[in-house]
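Take a look at the structure below.
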Amino acid sequence: MISPVLILFSSFLCHVAIAGRTCPKPDDLPFSTVVPLKTFYEPGEEITYSCKPGYVSRGGMRKFICPLTGLWPINTLKCTPRVCPFAGILENGAVRYTTFEYPNTISFSCNTGFYLNGADSAKCTEEGKWSPELPVCAPITCPPPSIPTFATLHVYKPSAGNNSLYRDTAVFECLPQHAMFGNDTITCTTHGNWTKLPECREVKCPFPSRPDNGFVNYPAKPTLYYKDKATFGCHDGYSLDGPEEIECTKLGNWSAMPSCKASCKVPVKKATVVYQGERVKIQEKFKNGMLHGDKVSFFCKNKEKKCSYTEDAQCIDGTIEVPKCFKEHSSLAFWKTDASDVKPC
């Protein structure tokens, strides 16, 4: 017969053994929660793993029951981030990103000539969608340009309906008698506006003066304006120093003011000189005189080295100075050699 004490002791040990088979707090899984979450569980109690918002379960079981052994089964459940739709290409722009997974943020930029129509960044949400919506790169446009007073639009071709695209240009012209101050060409900028407009102003010039020993012709009208022209000429024996035609400039003055300079009489009876790179007889080439500004080179002798060299002489308003080294060759001194026939130094 079994002792009652032994039976009581055995029951106690059995109770202690069963009570000691509780399950511990379950392992933490990244990006997941456990319900209910306690420090220990009695055999038969159930727990459920759930992925946090923005994550989805991959493989493994979600529900577990605490076994009599007190050991939770190995959990192979994984919670992985939701993946938003591919957004790595932005037409006429660029996307900066690492991944398209929750909760990453991507940013956007547009090429020159385009602007972001939408936000410059978007975040992958818990639902696996981009927020805010993905932007687009739209072309920068400028409205039709304003036309300055006293100007006309000379060149303008809209390329976006009525508007112009970035770097498109427009060219202006001023009305007659008006001068342009500023650039005649404006450009559509990255800000969607045009560069600075030019200004057209009426410009008058005084009547040009007649030069001494010459004459001037200009339009027969009460006032001379921008771009009007005047022509000059000189009387016989004089030549024009400056342009034959001048123009009224945007500053209200003339582009030049020529004068009439006297011609020069040939200073010697006979000599071979260099004119514009060629040897010529001065008495033949300039039988009617040398014009103001004409330049010739006279031949001179170096007696010590027995060679020749040249020195220049120029007609300046009726005066020309012959180089002192030049010796005019007399036709009677036929035994002497002219300097132009001596070998150069």
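Keep in mind that glycine also has a Cβ here, set from the backbone N, Cα and C atoms.
The disulfide entry in Swiss-Prot for Cys110 points, among Cys79, Cys84, Cys137, to Cys137.
Cys51 is paired in Swiss-Prot with Cys79, the candidate among Cys23, Cys66, Cys79 named as its disulfide partner. Under DSSP, the residues of the domain 'Sushi 4' (203-262) split into helix, strand and coil as follows: 0 helix, 27 strand, 33 coil.
Cys325 (disulfide bond) carries neither a helix nor a strand DSSP state and counts as coil. In the domain 'Sushi 1' (21-81), the DSSP tally of helix, strand and coil residues is 0 helix, 25 strand, 36 coil.
Distances between the Cα of Asn162 (N-linked glycosylation site) and those of the disulfide-bonded residues Cys79, Cys200, Cys300 are shortest for Cys200.
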